[in-house]
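Single-structure report; data block below.
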Amino acid sequence: MAQIRLFNLFIHCVIFSGGLTYGFGFAGFTTSIGQPSFYKYFKLDRHLHSILGAVNALFYAGCAFGSIVQAYLADWVGRKRALMIAAIAACIGAALGAGSVNVPMLVTCRLIHGFGLGMDIPLIPLFLTELASARHRGFLSGLTTLSFATGYVICGWIAVGTYFATNETFQWRFPLAIACLPPLIMVATIPFLPESPRYLAWVGKHDEAWKVISKIHYDPEDVGDASAARAEYTQIVRQVEYDKESSTSMLQIFKRPTWRRRAFLAMFILFASQSTGVFGIANYLPIIVGSMGETGVMPLVLYGVYTTTGTLMVLVVISVLDRVGRRTMFLIGFPGMALCLLAEAVLQWKYLGTTSSGGNAACILFIFVYIVFYQGVDAPSFVWAAEIFPTTIRAKGIALAFFSYFLGAITYTTPAPTALRNIGYRLYFIYMALCIISTVIVYFFVMETKGKPVEELGALFGDKVVVHLTSDGHGIVEEKLMAEVKEDKVEEVKIDVTTVI
C-alpha cells in the first residue's frame, strides 16, 4: 500500500516538473526584461516596446506550432515518449536562449524554446486526465496550473536575487538558463513513468492497461475482481473500442457535430482565458508597475509577490474544484475579473502619472486582486478542455484548445506594450468587455463535468456512452439499462466486470 502511494506521488512529481518546464520558460524572459542590464547588453531602448512584442509573439507562435505537432506525436509514439521529446526540445531552446548574443539570436531561440514548450504543456493535463480517477480529476489535472505557476514564482524570486549580482550579464542570463533544469529532470525520470492506460487500451494493449490501472487505482477495500479498478478498466476498454469505430482525423473532429461542439467550446474557453488580458499584464508587469513610480528592484519584487499570490490561489481553487465544479468557478472568475479591470481602468485614469502614492498603490492592489479572480478561470479551463474529449481524439482536441490558447496569447500580448503606451487605461476596458462576453457564453453553453468518469462525459454532448459506472464505482451498467434506471423502472444493475472483456 505504501509503495503504491509513493509510486503515484512519483508520477505526479515527474509530471509536475513538466509544468515547471513551461513556467520557467515563460517567466524567465518576463523577469529578464525587468533587469536594466538586459537592455544595456542588447542596446535596446526600454521604451521601444515593438521588439519585446515581437519576441513574445514569436515565442507563442512556436508554442502554437508545437501544440499542433503534439496532436499527432502523442497518438503516434504515445503520451510518455511525446513528453520526453517535448522535454528535450524545451531544454535545447532554453540553453540556446540563455546563450543569446544578439536580438536576432534571442528571437530565434525563443521560437525554438516555444516549440518545445508548446508540445510540453498540452501533454501535462492530457496525461493527468488519463491517469486520474473521476473523484480527484479536478485536483490532479489542476496540478498543471499549479506546476507552471510554481515555476513563475521560483523564477520571479530568482530574478530578485540576480538583480544584485555584480556581473550584469548574469543578472538576465541566469533566469533564462535555469529553465534548462526542469526538462533535464523530466528526461531523467520519464523512463520510469507508466504509459497512459487509456492510450494503451486504445492501441490494443489491454493487459498493459490493466496493469497500470490496477497499480495506480488500487483500493485495499476491494475484494478479488469486484474492484473499482476492474470496473474502470472495463469501462475504458468498452468505450474506446466503440469510439475506435469512427475516424479520428483532425478533419473528422470538425465534421462530426458532437466532436465539433467539444472542439469549439474547448478552443473558446482557452482563448477566453487569454482574452482576460492576463498575459498582456503578466508579461509586462515590471514595466507596468515601473510606470506607477516603482523603480530599482521593486518591479521585480512586485512581480514575485504577484506570482506568489496567484499560485497560492491556484492551490485553493484546485482543492475545491471537484466539489464546487468547473462551471461555477468560471462564473466566479470571469465577472470578478471584469470588476477588477473596471476598477483598474478608473484608478489609472485618475492617478497614473501623478505623485499620489496612495492612488498608485491602489492601482497595484487591484492588479493583485485581479490575479486572484483569474485563478477561477485558469486551472478549471485546462481541466475542462482535457477531460471533455474521448480518448481517441483527446490529444488532437487538447492540441486545438492550446493552439487557440497560444493564438490568444499572440493576439493580446503582442500589441499590449504599444497599447499600454498609446491608449493606457482604456486597454483595461477592452479586457473588461471581453470578460463580460465570456461570462455570457459560459452561462449558456458550458456544462458541468465534475465527478463523472471521462468515458461518460460524451453523453453531455450527445455521444453514446456504452457503459456507466455504478454509484459506488465497483460495477458497470449497460447503456440500455441505464435509461431504465433513470426512469426508476429497474434498480441499478451491476454487471460482472470479470466476464465483460
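Note that the numbers count up from 1, one per residue, in the order the chain is shown.
Cβ from N, Cα, C; glycine included.
The transmembrane segment feature in TrEMBL is assigned to 7-29, 49-73, 85-105, 111-128, 140-160, 172-193, 263-288, 300-321, 328-347, 359-377, 398-415, 427-446. Among the features that TrEMBL reports, domain 'Major facilitator superfamily (MFS) profile' is placed at 11-450.
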Subject >> Within the predicted model, mean pLDDT of the domain 'Major facilitator superfamily (MFS) profile' (11-450) >> reply: 89
Original post:
So, do the transmembrane segment (263-288) and the transmembrane segment (85-105) meet, by the test of 3 or more Cβ pairs under 8 Å (sequence gap 6 or more)?
Top reply: no
Original post:
Mind checking which residues reach the transmembrane segment (111-128)? Cβ under 8 Å, same chain, six or more beyond either end.
Top reply: 12, 15, 18-19, 21-22, 25-26, 58-67, 69-70, 73-74, 79, 82-83, 85-94, 96-97, 137, 140-141, 143-144, 147-148, 179, 183, 196, 382-383, 385-386, 394-395, 398-399, 401-402, 406
**OP:** Return the stretch with the most CB pairs under 8 A relative to the transmembrane segment (300-321), choosing among 85-105, 172-193, 328-347, 359-377.
**Re:** 359-377
